[in-house]
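Report on the structure given below.
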């Protein structure tokens with residue numbers, strides 16, 4: 001059985017050497033592995049959240065598509081498409097929006113960061129916050145769930161959004177009484193290559209220290225490598241290879257044998273000028289053929305458009321049947337005679353309280369207690385492994401709710417086991433609201449214990 005892996009490509013900005021080594025190259029290599037059904041999409045709807053310059057969005061879409069294709073992405077082997085070419089994504093986004101609690105979106109890091117920044121400025125909490133930013137995690141969930149991806153490689157800053165996608169999928173499955181969606185696994189690339197920039201810090205446009213991937217051609221690459229900051233050791237003086245970010249750049253693009261030979265040359269006194277020339281030549285050996293292909297693609301956007309349209313058609317063959325099924329599930333299907341409707345399997349008559357587990361962005365494991373209507377009633381403390389979290393969930397079900405759940409102060413409550421606080425409830429507006437939530441949480445635990 002193949003593992004479906006979905007990778008989203010942000011369509012803002014022009015890729016640099018660090019993007020290639022840290023994301024593009026490893027993702028393309030992974031797509032060639034046996035048993036991998038790889039999906040790659042240009043996340044151009046997401047780009048509108050951050051950028052309102054149409055020319056920049058359009059140019060970035062072209063550059064990103066050309067870059068990935070030039071770097072070796074095989075559209076015959078993978079499914080490569082543009083987000084905006086799949087109308088089923090936005091339809092699914094609305095279906096998911098209708099089952100997603102606002103409280104879940106309130107906890108999204110990007111939204112909370114905007115609120116915190118506004119607080120620091122002394123302006124309204126939601127000043128400048130668009131619905132695109134606020135509901136971004138729902139669109140991301142639609143991207144993933146539409147194709148029932150098994151794995152989604154992300155950076156640590158996106159882990160929360162993957163957990164939200166799982167939560168939303170569980171809510172929908174539970175509400176409509178069937179496993180419509182696979183729960184995607186978060187794949188954090190712990191060994192992602194982080195290249196140093198010209199000044200030794202992480203290569204980033206924010207630091208203005210990037211080395212271009214294709215922009216500026218061979219001359220641009222040579223100019224950038226000549227501007228790499230080095231120490232003051234003269235030719236003939238031994239160099240400390242491990243302390244040199246120039247050596248780290250060379251190592252990221254060379255074989256082990258080449259890397260060892262370059263290291264010896266540095267330790268034997270190779271001058272920095274010669275070292276920069278050697279780095280340029282090694283990079284150019286890899287990048288020149290890709291750059292040639294990139295220039296060819298950029299000058300022929302119609303070819304890229306054809307590739308993306310073929311990918312979109314391939315993706316929609318999978319998306320359309322699922323959306324038809326979902327329409328039927330929520331009552332938006334084709335009108336049928338009463339007899340035909342009666343023959344359809346009945347939806348679950350009632351919803352139940354439930355525990356849902358998730359992995360936090362720091363790698364720890366937690367769980368939530370959700371009411372039948374999806375409202376969060378408890379969130380656990382972090383655990384080192386899922387087994388510990390699961391054991392505590394079972395213990396909470398076995399405990400008398402009145403003993404396990406107690407008021408913490410006037411506006412909050414917590415779950416206690418063995419004299420320790422193991423989970424906490426949401427903060428209420430006042431003592432009355434706290435008591436109502438506490439009663440609801442106790443009722444949910446009692447319901448689980450009786451199940």
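Including glycine, each Cβ sits where the backbone N, Cα and C put it.
Here Swiss-Prot flags 10, 11, 12, 18, 19, 155, 156, 157, 195, 202, 203, 204, 205, 206 as ATP binding site, drawing on sequence analysis. Annotated L-tryptophan binding site per Swiss-Prot: 143, in sequence order, evidence recorded as sequence analysis. What Swiss-Prot lists as motif ''HIGH' region' is 11-19. Per Swiss-Prot, motif ''KMSKS' region' is recorded for 202-206, and the stated evidence type is sequence analysis.
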Legend entry - Mean of the pLDDT scores, which run from 0 to 100, over the motif ''KMSKS' region' (202-206): 85
Inset, instruction - Return the maximum Cα to Cα distance in Å (whole number) over the record's ATP-binding residues: 10, 11, 12, 18, 19, 155, 156, 157, 195, 202, 203, 204, 205, 206. - result: 21
Legend entry - Structural state of residue 205 (ATP binding site), classified by DSSP into three states: helix
Inset, instruction - Take the motif ''HIGH' region' (11-19) and count its residues per DSSP category (helix H/G/I, strand E/B, coil), listing them in that order. - result: 3 helix, 1 strand, 5 coil
Legend entry - Under 8 Å by Cβ from residue 10 (ATP binding site), same chain, sequence gap 6 or more: 43, 46, 47
Legend entry - Protein Cβ atoms within 10 Å of residue 203 (ATP binding site), excluding its own: 23
Legend entry - binding-site residues compared (12, 19) - the one with the fewest other Cβ atoms within 10 Å: 12
Inset, instruction - Quick one: pull the CA-CA distance for residue 205 (ATP binding site) versus residue 143 (L-tryptophan binding site), whole Å only. - result: 27
Legend entry - Other CB atoms, at most 10 A from the CB of the residue listed as 'L-tryptophan binding site': 24
Inset, instruction - Round to a whole number and give the Cα-to-Cα distance in Å for the pair residue 195 (ATP binding site) and the residue listed as 'L-tryptophan binding site'. - result: 29
Legend entry - Integer Å distance between the CA atoms belonging to residue 143 (L-tryptophan binding site) and residue 19 (ATP binding site): 22
